[in-house]
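K.L.:
The following feature annotations were taken from Swiss-Prot:
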- H89: active site, proton donor (ACT_SITE)
- F22, A57, F58, E59, A81, V82, I83, F114: 5-amino-6-(D-ribitylamino)uracil binding site (BINDING)
- G86, T87, R128: (2S)-2-hydroxy-3-oxobutyl phosphate binding site (BINDING)
Amino acid sequence: MHIVEGHIEAKSAKVAIVVSRFNSFVVESLLSGAIDTLKRFGQVSEDNITVVRVPGAFELPLAAKKVAASGKFDGIIALGAVIRGGTPHFDFVAGECNKGLAQVSLEFNTPVSFGVLTTDTIEQAIERSGTKAGNKGGEAALGLLEMVNVLNAIDKEL
């Protein structure tokens, strides 16, 4: 049996982090967690990390698509926070963001890690951005590092 796996270390990986400015009090913590994880666990050089800021989560897929189309990056991390309010706006933004980012990944054969919080409350968002429930930005970075490596391994081994 042949097993193909990805590892976390990716010293030469070029990573773009596409970040929503909306709900920045949460998203900046996600960004810090992602960058810290890329550097500490992936040993990615700061020179190989590019941050692209967009207004909100709805704009993340288009920016990620443009980044992927450039061919300059091994992977993309999308970070944002969509917090439920009193209208259906949450459902539209969260759903389209998710679908759009998945489409970018499949269209360009580039891993796009989903670090967009979709929570019912501000408290839940804060918990997931570095307090009680860990830092989902860091988790998204770990997932991206593994996917970059597993895709490279598939190319080499299969």
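If you go along the chain as it appears here, the first residue is 1 and each next one adds 1.
Here the Cβ of each residue, glycine as well, is placed from N, Cα and C on the backbone.
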K.L.:
Taking DSSP three-state, what's A57 (5-amino-6-(D-ribitylamino)uracil binding site) in: helix, strand or coil?
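P.N.:
The three-state answer is helix.
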K.L.:
To the nearest whole angstrom, state the Cα distance for the pair F114 (5-amino-6-(D-ribitylamino)uracil binding site) and T87 ((2S)-2-hydroxy-3-oxobutyl phosphate binding site).
P.N.:
24
K.L.:
If I take the alpha carbons of F58 (5-amino-6-(D-ribitylamino)uracil binding site) and T87 ((2S)-2-hydroxy-3-oxobutyl phosphate binding site), what is the distance between them in whole Å?
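P.N.:
Pair distance, Cα basis, whole Å: 16 Å.
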K.L.:
Sequence gap of 6 or more, C-beta under 8 Å: which same-chain residues meet both conditions with respect to E59 (5-amino-6-(D-ribitylamino)uracil binding site)?
P.N.:
S20
K.L.:
Could you state the CA-to-CA distance between A81 (5-amino-6-(D-ribitylamino)uracil binding site) and T87 ((2S)-2-hydroxy-3-oxobutyl phosphate binding site) to the nearest Å?
P.N.:
16
K.L.:
Just give me the nearest neighbour of A57 (5-amino-6-(D-ribitylamino)uracil binding site) among the recorded positions G86, T87, H89, R128, Cα to Cα.
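P.N.:
When the Cα distances are compared, H89 comes out closest.
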